[in-house]
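Undergrad: Can you read through this structure? Questions will come right after.
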């Protein structure tokens, strides 16, 4: 190997500012034509540094083989004459091994590991980390077992294995590593403690995570940040904010990651006052303009209902990326400005702003899209044009968009063409079938999902129960509720029980629905009583209806639906005095019925309207058409259902009711 060529190759690929990291004599070789290059080799300091830079900057294809060749040419790296040279040589070999592992050359890394003239526990840790980094988990744990059996592990080994323990399935592994750390004494290492905290919280074992934290004699900012982040991930926002407050009173100063977690806690708990206080701290310490901090602030303000403050931050930012744009777009949609969110997205496209799949996925989640199939199809065209069709999250959004716009066929097409699906994909398609009344198709898809060993979630069962309710599959609905608890260990929520009540109510089994409510393991809320009352209203059951209404009045005294539904029951039974009392009580309490809004898309434009709407610019023409349609409907056999009319005018010619 020509050493002059090696040095020239190296320095030609290094920026001028980095070329000085090599010893001056190595750089001068290029200017010394009389130098005998066969006698020149890189020392361990230069070699280790270059190997590190090569891996960090992604220069492996150009420089990796050259550096490896230079190491092979140096006899000191094979047969060190003393302990110091042996130690230095081992550093070089481990640096080379790390380079191969980090660059995804796992096969070469294993081959190098087997052929290395010297190894230590760091060498094994590098290969172990390489296995995990390249998703060779099984091979990695085989090596770990061998390391543990021979006692050839250290605290870094434990932190490496804990780095992959980030789902509930790894909870037992985390506990085993914790026990091993205690037995080996490495539990006193702060890095091991920090990793244990992170793993426990990510596995959902928040109590164990707090236990590790409470037992640590030494803590640093990473420790406290790990606990705060873990609490937020487990939706313990109030606890996270309390710990953040205690942290600020102590001697540990928060870092940017800590502030991000604290802002996430404010977002999750909608604590805008605390969020504003954190904003002031960020301004005080001069880190409020960091891009990730700005995005977190926008998210906090928008989720706390202050979209104006979020927009102010967005307009003042010096740099915009896909994350900040997605945050402000979702913020607009969540605060009732769906149309503005779409217009914002269109302006982004017109301005030539580079968008990614996450932005498109966020746009597809805007409810305004659900009223405009034309706009949804345009977004689908954009997805194809930008080559986002392989993105699972985008496809999930397309499935939901098409089904909510009434196009079940295109929802199925997107689902079947997906190159990769996750549990959300299956849930979205099952929900689409349920939404369109295709209960049997939803159940069949669920069977396919379980056959492929895709684990269902509580959302899966919610959609399935909706499907059973709409097609009257009572026994199947009960079976699914039991399967949810007994087989999959998923605790039903109020929404699941409401589906069962709705299912029984649709079938006219009102007393059975009442008995089911009485047997619930949780206190019924207004959704449950409203479902029963709605069924009683449909079937005209005064006895159960009055009971459900009374319970609903106690749970939600300001609810207009309770008054309207019980009044409907009285109307259907001809109990006009009782109906009048209900309406009188409703007026005395100042309770008003919330106005429902409908919409329709005509020629790519969405029109929204309410009952007896007179504000539309074409209102007069619309009512003329409606007046002409009613006699045609009567001729076709339509008769108005007078059971639920609160006050019938008696004019059947135009169907006027109030």
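Here the Cβ of each residue, glycine as well, is placed from N, Cα and C on the backbone.
Pulled these features from Swiss-Prot for this protein:
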| type | residues | note |
| --- | --- | --- |
| REGION | 528-603 | region 'Type E motif' |
| REGION | 604-634 | region 'Type E(+) motif' |
| REPEAT | 189-219 | repeat 'PPR 1' |
| REPEAT | 220-254 | repeat 'PPR 2' |
| REPEAT | 255-289 | repeat 'PPR 3' |
| REPEAT | 290-320 | repeat 'PPR 4' |
| REPEAT | 321-355 | repeat 'PPR 5' |
| REPEAT | 356-390 | repeat 'PPR 6' |
| REPEAT | 391-421 | repeat 'PPR 7' |
| REPEAT | 422-456 | repeat 'PPR 8' |
| REPEAT | 457-492 | repeat 'PPR 9' |
| REPEAT | 493-523 | repeat 'PPR 10' |
Undergrad: Within the region 'Type E(+) motif' (604-634) only, compute the mean pLDDT.
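TA: That region's mean pLDDT is 77.
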Undergrad: So which residues does the repeat 'PPR 5' (321-355) touch in its own chain, when a touch means Cβ under 8 Å and the partner is 6 or more beyond its ends?
TA: 291-292, 294-295, 298-299, 301-303, 305, 307, 310-311, 314, 362-363, 365-369, 375, 382, 386
Undergrad: With Cβ-Cβ distances below 8 Å as the criterion, list the same-chain residues six or more beyond the ends of the repeat 'PPR 2' (220-254) that contact it, or say none.
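TA: Residues packing against the repeat 'PPR 2' (220-254) from afar: 190, 193-194, 197-198, 200-202, 204, 206, 209-210, 213, 261-262, 264-266, 268-269, 271, 274.
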